[in-house]
Each structure stands twice: as C-alpha cells, then as structure tokens.
Amino acid sequence: MTILTYPFKNLPTASKWALRFSIRPLSCSSQLRAAPAVQTKTKKTLAKPNIRNVVVVDGVRTPFLLSGTSYKDLMPHDLARAALTGLLHRTSVPKEVVDYIIFGTVIQEVKTSNVAREAALGAGFSDKTPAHTVTMACISANQAMTTGVGLIASGQCDVIVAGGVELMSDVPIRHSRKMRKLMLDLNKAKSMGQRLSLISKFRFNFLAPELPAVSEFSTSETMGHSADRLAAAFAVSRLEQDEYALRSHSLAKKAQDEGLLSDVVPFKVPGKDTVTKDNGIRPSSLEQMAKLKPAFIKPYGTVTAANSSFLTDGASAMLIMAEEKALAMGYKPKAYLRDFMYVSQDPKDQLLLGPTYATPKVLEKAGLTMNDIDAFEFHEAFSGQILANFKAMDSDWFAENYMGRKTKVGLPPLEKFNNWGGSLSLGHPFGATGCRLVMAAANRLRKEGGQYGLVAACAAGGQGHAMIVEAYPK
C-alpha cells in the first residue's frame, strides 16, 4: 500500500505516518516568520571549465492578478507582450541583438498557439527573431529558461529572452465531442440530402459545453484532491496549513509595502487604469481562515481556498545572456543560472513531491549542501504540499524507502524560505511562475548578501524542477 492510497477516512492527523515524518512543530507562528538576513561569507563559484557562463541580466513581470479582474478582457499574447515591453524598457536591450525568444504556457489560446511568436511581433521584435512556446504544466517557464540556458551554453545563441504567460480569465471552452463531429461532418457534406440526414442526428444535449479539464489525465484526480491526500499522508494539520498560508500572505504584504517586489512593472490595461501591483495578497487571520470549508475532499479535507494558490492571470520575461556578451554590452548581471534538474514521479502517489526529489539531485550535481543555500524559493501550490515536502525532505525513512537514499535530504530553514511571499499570496499564473521564482531568488541574494539560491517547483503529471542560482559578484 502506497502513501497516498492509504484510506483517507482511516488516517487521522495523529496517524502512524506522523511518527515516520517527525519534524519540528510548524504550528507555532514565531517559526513562520522570516528572520533578518545574515551576511554570508563568499563561497566557491560554480563556474565549470569549457562551459559558457549564463547570466540573468534582469527580469520583469506584469502584476499577477486574480482571474476575472482587470485582465479579463485581454488575450494571453497581450499579457506576454506587456512583459516583453517591460523587459525592453527595464534593460534597454536592442531588439536586434536578441537571438531567440521562448515562452511557457499551459492552457493555450487556439488563436495564438505559439504565443511567444505573437507576443514578440506585438512587442516590436524583428520578424527575423525566432520564437517558440513550451508547455510543462507549472514548470513551463522553467523549461523556457533552461532551454535558453542550453542554447547559450552550447554556443548556438548569445542572447535569449525567456518567459511565460497564463490567462485564466478566458480559458477555451469547446463544443462537446458529438457536436464537433457533427459540425465537421456537415462541413464535408456534398448534398442537401446528406446535410439533412446529419442534422436529423442532432440532439440538444450536443450543446452541453466541454470545459477545460481540471483533473490529471492519467489519474482522473484533481490536484486539490491529491494535495489533500498528501497532507493527510504526512500528517499535516489544517492549522499548520492555514498558518503557513498566513505566513505567505504576511511576508508578501511586507515585501510589497517595502518595495522589494522590484520585478513588477506597471501595465496600462487598454480601456482601464494602469495596474501597478499584485492584487491577491490578502493577509487575514487564522480565525477567518478556520471558517472556510474544505474545497476538495468533503467534509473531512484540510485543503481550502485560503491555503491554496488561486487562479491567476500574469506574464513574466527574463533577459539571459552569455556572460561575455553581457559584459561586452555594458550590463551588470544579477545572477548566474547554474545547474538544474528535472524529475518525474508517479502522478497518482507522489504528484506534488517534485521538490523533494529534485533538490538533492541538483545539490549533488552542483557540489553543494543544504547549508550552502542562502535563499530558497519554492513554488507554493498548496500549503499542504509545501509542508508535506518539508516532512519528506526531513525523513530518513522516506529517503530510504522512496528515494533510494541512505539519508534524508534535509529541511530548508524557514528563515531562508520564501521570505517575500510565494505563489499562495503573489499568485500562480501557471506558465509564468518559474521566472518569478528565479528573479525572487536573484533579487533576494543581492538584497540579503547571499551567494546561492535554490529554486524548486512541482508540476502536474508528477514532475518537478530545481535550479541553482548564484549571485553575480558586486
């Protein structure tokens, strides 16, 4: 019997799994605050012989907004174009020096399936600049970035723009399969008799719309259900999840008020006011959060709207270059993009444990340990997902039985973890979050005086990603 197929109704919070995944209590608010930054000593650089250094010059994003708000009348390429335009203004990079543009997205608008190309043309890039779009669920922007890293490291390109976009306010809603088939057959009919025969087969239930799938294709389970079962399997309580969500919103509000979210660029929405900041940051109270009912597994689940990331519209873009090219153009890069790793697990049993599996692999590849990391930036799909990953990473038993490791991965110190908020509070436009994570790590390293950042994320399909970001010397 696997972790997540253990019967939910027989798995109380104080289950035998809690004994396996012993961890310091997370239900103490004082432990969920970000501690003041500590200046770190310079460590070794991760430069590798005969491999080009790839640097982040800068990165921007549109404000991340709750779906159905100010961006609801736009198309995805409008948001992507805004991110590209913001990047051009921020960096003053000549459009003609950009060799390639790569964007990530998840739910594609059929009119602009290659949204990277349409956005690039709309932003004024040359029609001679190639662009393509990738999709890898919540790590689509990560894939866009690492594809760019590969093109630069191999010498194919010097200058790449990588980013991502998602517009959840207007997802494609299709006719039913029966209606689509009928319309296609009618289009092929060559006589009135054939058309009348086909029309006679029409039934009113053909008009029922087909909404975008919210469940995993391979398992038929929604991510929220999986998060609820994961939290139960790792004995993560409702209170712990609510406290972590409150931490995320509180830290995001503090960072927003102090002007630390410098990657956000204003966006003048056509026909509306200029949007200048994320609108999903809403610090509440544990008392208010406790009033919410379970969102997925009812009535006993612990995942709610308050401790889950919300549907978000937004776009991001980053300028990445070969180090020698950036310096030749007079830029002062923000960070190096170093080793990265992609992983995959069983989507039924371990859908959201990508960070647990990817973290030790990327650390070993880079020759680092958890103690070397100064800034952790993990994607927060759900509070329960983050806390379950914490418990898995801090468990020798899990490492031995599920990861084939002799010892546990280790627990990220909360005082270094998502100090400016995360996806729970800032929002999660599926295709754009990866760039936000990397820029948060890069900006935190510069602000806090650290050297290494670790970015990690889970994704639909049971996949995950982790990357090492190294601060560029001041």
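Every residue gets a Cβ built from N, Cα and C, even glycine.
Among the candidates LYS72, LYS277, LYS447, the residue that Swiss-Prot annotates as N6-acetyllysine is LYS72. Within the list LYS181, LYS188, LYS334, the entry that Swiss-Prot describes as N6-acetyllysine is LYS188. Compared over the modified residues LYS188, LYS190, LYS272, LYS332, LYS348, the count of CB atoms lying within 10 A of a residue's CB peaks at LYS348.
Look at the Cβ of each of the recorded positions LYS72, LYS291, LYS298, HIS428 and count the other Cβ atoms within 10 Å; the largest number goes with HIS428. For LYS272 (N6-succinyllysine), the nearest of the recorded positions LYS72, CYS138, LYS188, LYS298, LYS348 in terms of C-alpha separation is LYS72.
In this structure the alpha carbons, written CA, of LYS332 (N6-succinyllysine) and CYS458 (active site, proton donor/acceptor) are 31 Å apart. The recorded positions shown are CYS138, LYS190, LYS361, HIS428, CYS458; of these, the one with its CA atom nearest the CA of LYS293 (N6-acetyllysine) is HIS428. Under the DSSP three-state reduction, CYS458 (active site, proton donor/acceptor) is assigned to strand.
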